[in-house]
Amino acid sequence: MTTSATSGTGPADPAGPTENSMRRALKRARDGVALDASEAAVLLQARGAHLDALTASAARVRDAGLEAAGRPGVITYSKSVFVPLTRLCRDKCHYCTFVTVPGKLRRAGHGMFMSPDEVLDIARKGAALGCKEALITLGDKPEDRWPEAREWLDAHGYDDTIAYVRAVSIRILEETGLLPHLNPGVMTWTDFQRLKPVAPSMGMMLETTATRLWSEPGGPHHGSPDKEPAVRLRVLEDAGRSSVPFTSGILIGIGETYEERAESLFALRRVSRSYHGIQELIIQNFRAKPDTAMRGMPDAELDELVAAVAVARHIMGPSACLQAPPNLVDAEYERLIGAGIDDWGGVSPLTIDHVNPERPWPQIDELAATSRAAGFELRERLCVYPEFVRRGEPWLDPRLRPHVAALADPETGLAREDAVVEGHAWQEPDEAFTATGRTDLHATIDTEGRTSDRRDDFDEVYGDWGALREAAAPGMAPERIDTDVRAALATAADDPTKLTDDEALALLHAEGPALDALCGIADDVRRSVVGDDVTYIVTRNINFTNVCYTGCRFCAFAQRRTDADAYTLSLDQVADRAQQAWEVGAVEVCMQGGIHPDLPGTAYFDIARAVKERVPGMHVHAFSPMEVVNGATRTGLSIREWLTAAKEAGLDSVPGTAAEILDDEVRWILTKGKLPAATWIEVIETAHELGIRSSSTMMYGHVDQPRHWLGHLRTLAGIQRRTGGFTEFVTLPFIHTNAPVYLAGIARPGPTLRDNRAVTAMARLLLHPHIPNIQTSWVKLGTEGAAEMLRSGANDLGGTLMEETISRMAGSSYGSYKSVKDLIAVADAAGRPAKPRTTLYGPVPEERQRAARDSDGHLPELLPVLD
């Protein structure tokens, strides 16, 4: 038997699968063997008895998953209201009737957006009927296409559509008790940070990975920038990185081939396995609508849908939650149950399906009866799936916990039958800082060490290690090139600003005598630019908390709040440490911390203000770009507004940490939820524009290669040419010992001595003449290693630190502080004089120098600071 190789609406393919290939694929599915994309494409074409066999095995997979999840024989749904916040959109999908134009809205007497009162009216009526979900759906970025949308947002005080979505969501939570499930289309990483605190779940259909349906004229997505598959896959990745429970799925029957349909499912599986964040997969069948460009296309046939559901179940596995919208079939619900679904999606007793208005939702009693006839019990869930309700952090923002807890059964995570749907205050944590946990870590890390080499949720918080190993494989061993570096050395010696990328890359690979020559050239450039003085700063690190759920895979500092080594300092403790530092000659405190979900929205302002009030003369060097973004999203301010407010609170400069490698290819292996490279650059450039100087950094020697170092340094040089705001460049060799990405067998064990010398020397040359100060890290390299870098182009030793927990938690063995005499000794070892400096590389007042000399720049005793 042979069948057509295309869907009922797809372009013609060669002859379909043979009987043997179908039987072989069915056997593999029946036996639970992993399918590949070609086998999935074969099974998508199963019909008749073959389809019956396929659905039977898919149902068994589904049943095993429900048993493992503790809800055997249960099919779920969400009782919801549909809120079409705006029907304007910048896209032009050829099958869509949801989207309209401003003129039609005006003629119908509607605004460009629903008003808050209109939204709340629907939500209140839904709450009265027992609904618990507000499905907020809207067009993509309408203000980018329609001036009327931009004017509406401006008139109502919103910077963009996402800001309005956030504001409306808060009002729904506070005034009705419904939980927002957000479908605003394509979102950026920053958008997720803004919306995560106000919505337990979000969603966006992938639809298809068939790029031709977007790129070719006449395709269903042609002319729609937000329907490019690569863009939509990036959204799914960003949702996973941000630990947002996310709903996605495919739309079948819009012209894709079976192979393309299979690839779309495998793309969803890849994201799901990498981040474990896809809470629900929707298999949606195309229904042609009048007054659209695709009105003549045939609907996807029922067998197409049933086969797609069954194949999706086999590909995604037993733990996946699989939905097919019940209003898009004609009462053939039992076939969808038989194919492996375990959810009916959102069903509203109040509102229509505004995307498919011609297809009314079935009554909940009807779904219950159909489910019961198939041997299943219909149970209500929340918009956020039970697994994520039970997991809690980092998937549920602390600000949403009380809202979800009011509606969820604590044992099952499903909706509570007796829940009263009513509003609850949504607010940032406003309790004062309280000291918790191991607040003596800064003192005891050197004597007692850390309690464990890894946090308790090691196997969960960082995503799927297997998927990461595949992505990181090219960087496990840096590539080596066989290049004559003589010409490159000659260029560097003559004028390092003329180095081409090929020459620079050759020098980054230099070894032996060539490396010695490179370091000599860099040292000559250093001498001509900043002289022989080795600068240092008397400073204290204050890491005010190590509680963090971001999931950076290189970081051994971050802990869950319940881990043995977790701690948070009070504001008084922060101020006490700053005062102690001042008394022994410090001119700066460097303050950074984990992204603690319970800190109040004003936390960073409060910290800066506490130090300035206690020690007015202290320079506050604080808050990485990641913390800046966190502060901005939590306060609802733009990055510029937040930095301005932080400056007013006492912030003097920002550390250029959280840069790692400014290449997202590497960045998304190293970090799970940290900001993208473009956002780091935005924060730094905005700070510079506001007169807030910063350092710059690069962490290297993990899953990166020299080409990444080159790109990173070129990026920093470009920023400095534009802003002039960098004070220094700091090399940060990767400390591997306790780093999760190393413990999982993915990263290299840090850079070699060759790497350190080459990076230091090339930083001097590639950043010349824009960034004159190159700092080496005694914390990471020790005194001998730091002295070697001073002979390779570096001119600065960093600070006394007084306490250091980040590198020590990672496994650095070089201690937590250095005295002034210690740092002078390092400079002596390099044959150079030492000189104190300020954060901005200015002269240190004599009074500060005297205090440092009298104390030797370190505390009399490093003991826990108690209230």
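One-based numbering along the chain as shown.
For all residues, glycine too, the Cβ spot is worked out from N, Cα and C.
According to Swiss-Prot, the features are:
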BINDING   Cys89, Cys93, Cys96  [4Fe-4S] cluster 1 binding site
BINDING   Cys548, Cys552, Cys555  [4Fe-4S] cluster 2 binding site
COMPBIAS  845-859  compositional bias 'Basic and acidic residues'
DOMAIN    75-325  domain 'Radical SAM core 1'
DOMAIN    534-769  domain 'Radical SAM core 2'
REGION    1-22  region 'Disordered'
REGION    76-407  region 'CofG-like'
REGION    511-844  region 'CofH-like'
REGION    835-867  region 'Disordered'
Any further residue of that chain within 8 Å (Cβ to the Cβ centroid of Cys89, Cys93, Cys96) of the recorded [4Fe-4S] cluster 1 site | Asp91, Lys92, Tyr95, Phe98, Val99, Gly139, Ser224
If you measure Cys555 ([4Fe-4S] cluster 2 binding site) to Cys96 ([4Fe-4S] cluster 1 binding site) at Cα, how many Å is it?
-> 45
Cα distance, Cys552 ([4Fe-4S] cluster 2 binding site) to Cys96 ([4Fe-4S] cluster 1 binding site), nearest Å?
-> 40
Students should find that the Cβ of Cys89 ([4Fe-4S] cluster 1 binding site) has, within 10 Å, a number of other Cβ atoms equal to 24
To the nearest whole angstrom, state the Cα distance for the pair Cys89 ([4Fe-4S] cluster 1 binding site) and Cys552 ([4Fe-4S] cluster 2 binding site).
-> 35
For Cys552 ([4Fe-4S] cluster 2 binding site) and Cys93 ([4Fe-4S] cluster 1 binding site), determine the Cα separation and express it in whole Å.
-> 37
How many helix, strand and coil residues does the compositional bias 'Basic and acidic residues' (845-859) contain under DSSP?
-> 10 helix, 0 strand, 5 coil
Integer Cα-Cα distance in angstrom, Cys548 ([4Fe-4S] cluster 2 binding site) to Cys93 ([4Fe-4S] cluster 1 binding site) | 41
Could you pull the average pLDDT for the region 'CofH-like' (511-844)?
-> 91
With an 8 Å cut-off on Cβ-Cβ distance and a minimum sequence separation of at least 6, pull the same-chain contacts of Cys93 ([4Fe-4S] cluster 1 binding site), or say none.
-> Val99, Pro220, His221, Ser224, Lys227
